[in-house]
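Colleague: Here you go, one structure.
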Amino acid sequence: MYEETPKFNWCLHILILCALRGAVYTLCSGLNHWHFLTRRRRVVQQTVDFKQIDSEWDNFILLHAFMGLMATYTFPVFTNLPIWNSKGYLFALLLHIAVVEPLYYFVHMLLHSDYLFTNYHSLHHSSVVPQTLTAGLATPLEHIIFGLIMGIPILATCLLGYGSLKLIYGYVLIFDFLKCLGHGYTECVPPVIFEFLPFLKYLIYTPTYHYLHRKEMNTNFCLFMPLYDALGNTLNKKSWELHKKIFSGENTKEPDFVFLMHCVDVISSIHVPFVLRSFVSLPYTTRLFLFPLWPLAFATTMLLWMFGKAFLVMGYTLRGRVHQSWCVPRYGFQYFLPFAKNGINDQIEDAILKADKLGVKVISLAALNKNEALNGGGTLFVKKLPDLRVRVTHGNTLTAAVILSEIPKEVKEVFLTGATSKLGRAIALYLCRRGVRVMMLTKSTERFQSIQNEAAEEHRSCLVQVTKFQAAQHCKTWVVGKWITPREQRWAPSGTHFNQFVVPSILEFRRDCTYGKLAAMKLPEDVQGLGTCEYTMDRGVVHACHAGGVVHFLEGYKNHEVGTIDVDMIDVVWEAAMKHGLRPV
């Protein structure tokens, strides 16, 4: 006996099923992008780029919802179904094996015929890197056909009197999960399963198995069961061998360049590929849907603080070389806690040693990871680890060049905060060579004079120490290297432009003034596999210190770039960036 229910509200159930299906694709996509766990089992080494992300959506679920709703009104058998019927699962499984699998196999082979492939199925194969949402990239005709095929076990089981509500939910969600499994670019099926139970290799496919179909086109056509490829003589003989190779990590390409970044704040830490793939493909902005996720993000913050190590977040390929971004599991506020200093440096040191072990050529430190008070702009690690093969760079030389490029040539006076920092010093010395009067805001006469003495004697008069913001009330070019409050911004005259190299950016308080963004550069056009925006940066744009590390790697500089900035190298590095195709934004 089983409990029956009155007429279902199918509109509600289909809506719930749509939400659950979307959740399956989203969760599987997130798991697929846990690069810090899966990088050694990647079926394809290249990552997903912006173009592919924009083309792949799960909106086919809405088409299937409409088809399902039509079925519930067309067939009276759906009017009154039980919640549960154990016999239905057996019948659905038999129908799937005997009807759905061979029918899909036959239809799939037809779609690879010249006409149908050119006009329809080629869209599905247009994605360079298979991922979970690639399963939904198809023409409406294909979605209708596959939706009808998927519905056969459900409708037939219900017509036989063994259907149930849980069967419908279960079959559809398992179907979606298996599609996500095969289209993912992470090999997650252990070969030992097939070694222990060899017959299973004919009952369930793997990401490697489906990848070979996408790569060679004329083999491995099955839905989920390679049995039908074996029967149809279309099974790729390399399937199991390649499966073992990929799962063992032999296919892994280690990075050549690493950008070592950190989290900014709790809520923006959600802006990572393994949470929401489409969200991270756009510049970060605070959105309402993020706030319900705040407790989870905060709990993750605490766990990372206690147990976390630097982990892989994103990557791309540039001229055949693998570039990756790793994240130190620390947040902006933690860098200003005195007791956290040693722990953060330990994290950075561990990441540098890991990069060195992997054979990374250059590792570039981001923002607060190279803070002067923290580790002297990376000097601490170079002195402590004299045998490093990896070159450590802060990328600040190019950062200075980008900031200076944004100051118009006709400017004769600049107000500079954060004037005695590494960047502030370099900017002041460079500008005074151009004859620009630089008002350096600092209360430390000793540090000011130290910088002034570095300038040529004929340029020293261009460097002026000021201790109050009132001194800049007639200066319309401000370079902000230390955070300033809205009250302090009031001293700027109307029409002032605020250039800045401070993290976080200052509040855009003055409507009668303009505000520059953090120093950044656009990567070369031939970059491949870039599908993640770096915090608030636009697509293809990275922070200048990231770009500085890229230039250091492309130029093959053999020295570390830590500590103070060599002012004579600013123009050299800028020209090198232009030569390699990086562009200011």
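Placed from the backbone N, Cα and C atoms, the Cβ positions cover glycine too.
Note: TrEMBL annotation is automatic and uncurated.
Positions annotated as transmembrane segment by TrEMBL: 60-81, 88-107, 144-165, 288-312. What TrEMBL records for 94-234 is domain 'Fatty acid hydroxylase'. Residues or ranges marked as domain 'Very-long-chain aldehyde decarbonylase CER1-like C-terminal' by TrEMBL: 414-584.
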Colleague: Please figure out which one of 60-81, 144-165, 288-312 racks up the most CB pairs under 8 Å against the transmembrane segment (88-107).
Modeller: 144-165
Colleague: May I ask for the residues of the chain that lie six or more residues beyond the transmembrane segment (144-165) and have a Cβ under 8 Å from a Cβ within it?
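Modeller: Contacts of the transmembrane segment (144-165) (Cβ under 8 Å, skipping residues fewer than 6 from its ends): 2, 5, 8, 13, 63-64, 67-68, 71, 75, 77-78, 81-85, 87-88, 91-93, 95-96, 99-100, 103-104, 107, 138, 171-172, 175.
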Colleague: Please average pLDDT over the domain 'Fatty acid hydroxylase' (94-234) for the predicted structure.
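Modeller: Mean model confidence (pLDDT) across the domain 'Fatty acid hydroxylase' (94-234) is 95.
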